[in-house]
Amino acid sequence: MGQTIRFGVSLDSELLEKFDALCEERCYQTRSEAIRDLIRNTLVQKEWEDTGNVVAGTLTLVYDHHKSDLAQRLTELQHDHHDVIISTIHAHLDHDNCLEVLILKGPGKDVQALGQKLISTKGVKHGKLNLTTTGKDIM
Ligand code: NI
């Protein structure tokens, strides 16, 4: 971790008002902490865009396990990509619906491709991939 540097930011007053309102809404104690989070989020996003980097993330899927061979197809896809799946949690939401959360880690392009394959599998009602970083290069 480097030393802390103070720097000034020039900003339109209306934009600053909106930013301060956002800081309050999101419970930031100081503008600095909010700006640090914004910078970190942008750096994390850049990491995923650079698809060769290793990313971590979760994929949430909701599906009806009665739908033809859907559960089996999802399991097969997961076995085909076991190298990027760290863990899977399955919850039976109700009589029909299942919720699955996959914890993923691997090259950005592989994690995103698997996420897209699973989400677009016919019969999946909802899917969302949330990517983050291993944090290795971010303070
Ligand atoms: Ni289930």
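Heads up, the Cβ atoms here are built off N, Cα and C, so glycines get one too.
Small disclaimer: the values here were computed from a predicted structure and weren't measured.
Cβ neighbours within 10 Å of CYS98 (Ni(2+) binding site), excluding its own Cβ and spanning all shown chains: 19. Residues annotated as Ni(2+) binding site in TrEMBL: HIS79, HIS90, HIS92, CYS98.
As annotated by TrEMBL, domain 'Ribbon-helix-helix protein CopG' applies to 6-45.
Counting residue by residue with DSSP, the domain 'Transcription factor NikR nickel binding C-terminal' (56-132) contains 26 helix, 37 strand, 14 coil. Positions annotated as domain 'Transcription factor NikR nickel binding C-terminal' by TrEMBL: 56-132.
Of the listed binding-site residues, namely HIS79, HIS90, the sparsest Cβ surroundings within 10 Å are found at HIS79.
Note on the domain 'Transcription factor NikR nickel binding C-terminal' (56-132): its mean pLDDT in the predicted model is 94.
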